[in-house]
Amino acid sequence: MKTKTKAWINILLLLLTLGVNFLGGTGKINNASQQDVSDMYHTLITPAGFTFSIWGVIYGLLLISLVVMLIKEKDSYYQAAIDRITPLLWIAFVTNMIWIVTFSYLQIGISTIFIFIYLISLAIIVQRLRHLNNHKYWLLPLTFGLNTGWLFIATVVNIAAYLVQIEWDGFGLAEDTWALIIMIVALLLAIFVQFQVKNAAFSLPIAWAFFGIYQELHTTGAYPTLGILALINLGILILLAIYSFIRNQYSIYPLRQGYRAYR
């Protein structure tokens, strides 16, 4: 398949994905919006509603990125990017749509499977883009770094919502104890993944999510310990992003040693 054809299909699939997300967000699917379903299975690690506005930033960057790839499809960097990430991008878009539909129909367990596949496809895209990096191009690393980071925390929250739906007893532990454990594990996993993908943008949306968790807990005035932990995690993740950016020689990705820059 020609590179330009792939670029066009990428844009069309994104537009279709945006359409499904709009239907899900406005309650046109099963008469329940994403917010409605989230409220049904609210957890102590569910961020405040405003936090989800980051989707607008992510989808905006995605649209810009795909249009740039189409316009510059003869550029060696973008041509290589299209060829390497397109199949995974299609998987990401399809699983995104299925996730929205299954979540709207309260099939939280099934939706968790698809959001996990969605996350894995994005993580592989981030890894493949790293092998193309030369510090000259920043749009794709930023776009997919933010997308992957947000999907990381969204997957954690989706799993927690599923446990609420099935009324899991948490082996007898209190809800706030499990929330504390999940927040610590999520932080440790985020740090581990950050050092694997080496994308300085990855940690930022996770930090944003912890800010949303803090705001939600602060609003209710309950579980102050969890609120403090959310702020600690927020600070650690921002410092991690700054550290990664500096370590990458003030770039989103490190420059691979011996790599020939695209011209």
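Cβ atoms here come from the backbone N, Cα and C positions, even for glycine.
Feature annotations, reproduced from TrEMBL:
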TRANSMEM  7-24  transmembrane segment
TRANSMEM  44-69  transmembrane segment
TRANSMEM  81-99  transmembrane segment
TRANSMEM  105-126  transmembrane segment
TRANSMEM  138-165  transmembrane segment
TRANSMEM  177-193  transmembrane segment
TRANSMEM  200-217  transmembrane segment
TRANSMEM  223-246  transmembrane segment
Report, as numbers and ranges, every residue of the chain located at least six residues beyond the transmembrane segment (177-193) whose Cβ falls under 8 Å of a Cβ in that stretch; write 'none' if there are none.
43-45, 123, 149, 152-153, 156, 160, 170, 202-203, 206, 210, 213, 223, 225-226, 229-230, 233, 236-237, 240
Distal contacts, the transmembrane segment (105-126) - CB-CB under 8 A, six or more residues away:
29-30, 32, 37, 40-41, 85, 88-89, 91-92, 95-96, 98-99, 141, 144-145, 147-148, 151-152, 154-155, 158-159, 161-162, 165-166, 193, 197, 199, 202
Top stretch among 44-69, 81-99, 200-217 for CB pairs under 8 A with the transmembrane segment (7-24)?
81-99
Which one, 44-69, 81-99, 223-246, has the most C-beta pairs under 8 Å toward the transmembrane segment (200-217)?
223-246
Apart from its near flanks, which chain residues at least 6 from the ends of the transmembrane segment (223-246) lie with a Cβ under 8 angstroms of it?
44, 176, 179-180, 183-184, 186-187, 190-191, 194, 198-204, 206-207, 210-211, 213-214, 217, 252
